[in-house]
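Straight from TrEMBL, the features:
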COMPBIAS  33-43  compositional bias 'Low complexity'
COMPBIAS  61-70  compositional bias 'Polar residues'
DOMAIN    319-420  domain 'Endonuclease/exonuclease/phosphatase'
DOMAIN    545-663  domain 'Endonuclease/exonuclease/phosphatase'
REGION    19-70  region 'Disordered'
REGION    520-545  region 'Disordered'
REGION    675-696  region 'Disordered'
Amino acid sequence: MYNQGHQQGQHVMMNGGQHQRFMQPGAGHKYQHQSYQQHHGQQTNHHPQTQNGGHGIGHQHTFSSGTISNATPQFAPNNLHNGNSSNTQVGGINDNFIPNQHWQRQMQLAAESRQAQSAPHHHCKKEGVISRLSKAVEQIPTEEAAEEGEEERNRATTVGEISRQDWDALDCSGQGMRAISTSIFAYKFLKKLYLDHNRLSRLDPIVGHLRNLTHLDVSNNQIMELPEEIGMLVNLKELLVFDNNLQTLPYEVGYLFKLETLGIDGNPLDDDLKEHIVHHGTKSLVTHLRENAAPGTPPNERPRVQIDTSPASEILSVLSYNILCDKYATKSHYGYTPSDVLSWDFRREVILNELKDHNADIVCLQEVDRESFDEYFRRELAVNDYRGVFWPKTRAKTMAEKDAKLVDGCATFYKGSKYVCLDKVLIDFANTAINRPDMKGEHDTFNRVMPRDHVAVVTFLENRMTGSRMIVGNAHIFWDPAFEDVKVVQVAILLEQISKQAETWAKYPPCTDKAAFRHSEIDGKGNPDSADEPTPEPSPSLEYSSGPQIPLIICGDFNAAAGSGVYDLITRGSLPGNHPDLGNRGYGSLTREGMAHPFKLKSAYSTTAELSFTNYTPNFIGVIDYIWYSTNALQVRHLLGSVDEGYLRKVPGFPNHHFPSDHLALKAEFSVKQRRESSGKGTEINGVQREWERSN
């Protein structure tokens with residue numbers, strides 16, 4: 001029975017009791033395409049085509065469509081014994097070859113495909129479908145799973161998010177189409193797409209937009225090559241390209257780490273690739289392509305976005321970066337990344353070079369473990385004049401030293417020749433929550449906030465030359481979208497504790513010893529260096545009448561998007577206790593009376609527009625990292641821009657050769673706003689009341 005679907009001119013097929021949702025076009029819409037460029041030479045030359053019947057290595061074979069089709073009945077499941085069939089020959093394969101289970105499955109699929117040549121929409125007719133509503137985001141971790149304590153970095157799927165969709169499969173098979181309208185590739189919710197048994201000579205690179213696809217069938221066409229963008233479909237489990245004219249496969253197929261079946265029979269495929277899949281299966285071939293892929297062309301450098309060019313007496317630069325801790329960089333989460341690129345030895349070197357190239361005055365890193373801080377970053381960055389402060393998550397206190405070294409936390413580095421660290425504090429969100437009189441008796445505090453041992457590191461710095469002071473916060477907030485309330489509570493505690501510290505630091509005594517340590521009086525050639533010139537005399541320490549007057553910068557991975565409770569609390573200065581992100585949870589006065597802070601904070605990147613993403617993976621692309629700054633004291637001058645969009649069209653996710661973490665580094669340059677005397681006051685430093693000059 002066919003019922004009218006939700007798209008005009010199309011029909012939803014609903015037969016049987018299964019739950020597959022199909023859309024069956026009434027007729028193929030033809031669209032004229034421009035010819036697609038050839039793959040870059042390095043990939044096409046890596047697997048040179050050999051003539052059929054050639055034997056460059058031990059067991060290279062050719063396979064004819066007819067012999068595979070005729071032989072298929074011999075490999076029906078009923079004839080298998082422990083996954084293999086004995087004394088069976090496949091045309092073109094060595095007589096001693098015993099087909100494995102994977103190749104038997106491949107032959108069966110190929111035979112089924114060929115038998116359906118004269119049946120338009122045969123997938124729809126074969127399987128039968130029933131339409132049902134489905135939610136857009138299906139992979140949000142459950143509360144129970146998140147509470148088991150397993151370390152996770154997954155987030156809710158946002159790629160191709162659809163609020164409501166009643167069908168997710170499209171069957172355009174057997175239509176004799178020579179071209180396909182690109183409008184099909186706007187259906188980003190599709191999970192299955194069938195384009196087999198047509199006359200297509202190319203697969204449009206725009207297919208890479210369908211990142212939710214799990215099944216793609218383009219068998220029995222005239223396709224000569226797969227586009228490199230095929231690698232964007234990392235959720236594919238089945239890719240069937242039977243009976244085309246493929247001679248090689250792009251290395252980007254190696255990104256398809258979830259692929260279970262790659263149907264290649266009936267193609268004049270390179271013998272090396274063919275033998276690999278015949279003897280070792282799809283998974284092995286995908287791994288082979290991924291591990292042997294060249295780094296590829298690096299992206300253009302991220303641009304330096306200019307915001308303000310007015311003269312400034314004091315300028316500082318800040319970088320924030322979640323560097324992806326080694327223990328979280330697993331193949332289960334980042335299966336699209338080559339093993340050597342995912343290794344910590346490779347990634348940490350790329351990260352270090354990136355930090356040195358940016359050469360920021362202040363660097364805030366998240367997901368740094370104790371071992372990496374002590375034995376690598378602190379040592380290597382010291383050469384570039386950096387000094388560091390680090391605290392791990394609180395679980396490290398309960399572990400043996402060997403295990404504690406692998407616990408990640410937050411590390412803040414600053415230029416030692418420019419700043420003096422006057423003070424530093426650790427903010428332990430869980431411990432602070434359970435010791436607040438109004439929260440310690442709350443059920444939700446113990447069950448939801450206390451088990452999350454995330455921390456923030458706050459440093460109080462003074463510029464050696466100008467005497468201006470600054471508070472720098474570095475935080476990593478809990479990731480799980482099922483715990484939005486916990487994120488809000490953690491950020492509320494962060495701002496509350498910084499506010500208390502700021503009031504204390506406003507009364508901090510002047511720094512009397514601000515001379516920078518001189519490593520050497522001569523340069524590497526034995527000649528007197530420029531240090532022989534008179535050094536400017538440092539200015540006295542500036543004083544502040546209240547905490548909010550001190551310039552404030554807060555960096556970190558907040559795992560929250562614009563419009564969330566976390567974002568609104570930071571930027572608006574308050575949040576009601578009945579905010580939707582808090583649900584009906586009870587967190588003492590935070591939910592009874594709401595929460596507020598005294599700072600005027602803004603995201604540095606919101607001065608133009610937030611980046612399109614700061615976290616880039618196949619199933620999550622979004623902005624969750626920020627550099628917040630106090631607008632009454634600081635002015636944004638420059639920002640590190642976005643990643644080249646052309647480069648991203650063939651990259652399904654980070655990390656890769658060029659980006660060592662799944663997060664982007666953020667960098668902002670600020671000018672410290674000039675201060676003026678209050679009316680009726682003199683120009684003396686000590687005991688004077690000053691106010692920030694209004695921004696234009």
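Glycine residues also receive a Cβ, built from the backbone N, Cα and C atoms like all the rest.
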Which whole-number mean pLDDT does the model give the domain 'Endonuclease/exonuclease/phosphatase' (545-663)? 96
For the domain 'Endonuclease/exonuclease/phosphatase' (319-420), the DSSP helix/strand/coil residue counts are 44 helix, 29 strand, 29 coil
Helix-strand-coil residue split for the domain 'Endonuclease/exonuclease/phosphatase' (545-663), DSSP-based: 26 helix, 33 strand, 60 coil
